[in-house]
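Colleague: Below: one structure in structure tokens.
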Amino acid sequence: SKLPLLASLADRRQRLAASRGDSAEGAEGAGAEEGKDRRTRKSDKKTLRAKYGKKEKAKKGAPQEVSSRRVSAPPQAAAAQAGARAGAMRVRDPRFDDVSGKLDMDGFGKSYSFLEEYREQELENLKGEQQKLDRLQKKGPKRADVVAAIAERKDEVKQEIRKRIQQDKSRRHMGVLLETERELKGQEREKVRTTGKTPFYHKKGLVRKIVLEKKKEAQGGGRNKDAERREKKVAGREKKRLPARRRHCGTLLRRTNNHCAERQTVNRGSPFFSFLVVLFLSS
């Protein structure tokens with residue numbers, strides 16, 4: 001009774017193994033077919049790309065080659081169209097955008113004139129803090145870390161005060177330049193209207209010279225440190241342009257009363273020079 005049961009179990013095992021083998025072969029066949037289709041599609045893409053102009057890059061970092069017959073929008077227009085299609089917000093800086101209009105320095109100064117009061121108040125606060133730090137520093141001995149912190153803060157306040165004073169000076173100078181330029185433009189406009197002459201546009205350097213002359217007149221014609229520094233700078237620039245011999249007094253010189261007096265240059269190859277040498281040796 002056991003033999004038919006064993007035979008039936010063996011038969012089932014054989015049928016199950018056969019079915020598993022068929023499924024594995026079918027899966028391998030399907031995978032092979034899919035890989036073949038993928039390779040075929042890749043080769044078809046390469047063929048179409050080579051046929052219709054999209055070339056392969058010679059190197060990975062090489063620029064892409066595009067046909068000159070292809071119509072494309074400028075970069076800014078293309079970016080604007082892409083942003084409009086995507087619905088993204090376009091960020092712009094009003095300081096550097098033409099949409100905001102031309103910068104009007106006069107209007108800008110009038111609109112933000114209240115900032116001068118804030119700057120003056122901040123400068124007064126810094127000076128008050130500096131005086132307070134001076135008093136703290138002059139008091140009795142303290143811990144080393146407290147003394148170092150006071151000295152460090154005092155240096156920071158001192159540098160900030162110097163920086164703000166220099167900025168105020170530069171702003172005032174810029175205001176004087178703009179005011180002078182405005183006056184010169186008004187004078188030229190009046191001359192053009194009355195006489196019909198060709199308008200003359202003053203350069204920035206000429207406007208600066210006029211401002212310096214006005215400043216000298218306001219000071220009573222006396223010399224100041226700025227003028228001396230400027231003259232020294234110009235003299236050094238002119239000295240650099242001189243030849244090396246003239247710059248270092250290469251000609252024969254003699255010192256008389258602590259002054260450098262230039263003598264006439266003597267040609268050492270001339271008979272006159274030889275006569276002077278013989279006369280000097282004989283004496």
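Keep in mind that glycine also has a Cβ here, set from the backbone N, Cα and C atoms.
Automatic prediction, not curation, is the source of TrEMBL annotations.
It should be emphasised that the depicted structure is a prediction, and the values quoted were computed from it without experimental measurement.
According to TrEMBL, the record shows the following:
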- 14-102: region 'Disordered' (REGION)
- 38-60: compositional bias 'Basic residues' (COMPBIAS)
- 69-89: compositional bias 'Low complexity' (COMPBIAS)
- 90-102: compositional bias 'Basic and acidic residues' (COMPBIAS)
- 214-237: compositional bias 'Basic and acidic residues' (COMPBIAS)
- 214-243: region 'Disordered' (REGION)
Colleague: Quick check on the compositional bias 'Basic and acidic residues' (90-102): DSSP residue counts for helix, strand, coil, in that order please.
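Modeller: In the compositional bias 'Basic and acidic residues' (90-102), the DSSP-based counts are 3 helix, 0 strand, 10 coil.
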Colleague: Report the DSSP secondary-structure composition of the region 'Disordered' (214-243) as helix, strand and coil residue counts.
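Modeller: Secondary-structure breakdown of the region 'Disordered' (214-243): 22 helix, 0 strand, 8 coil.
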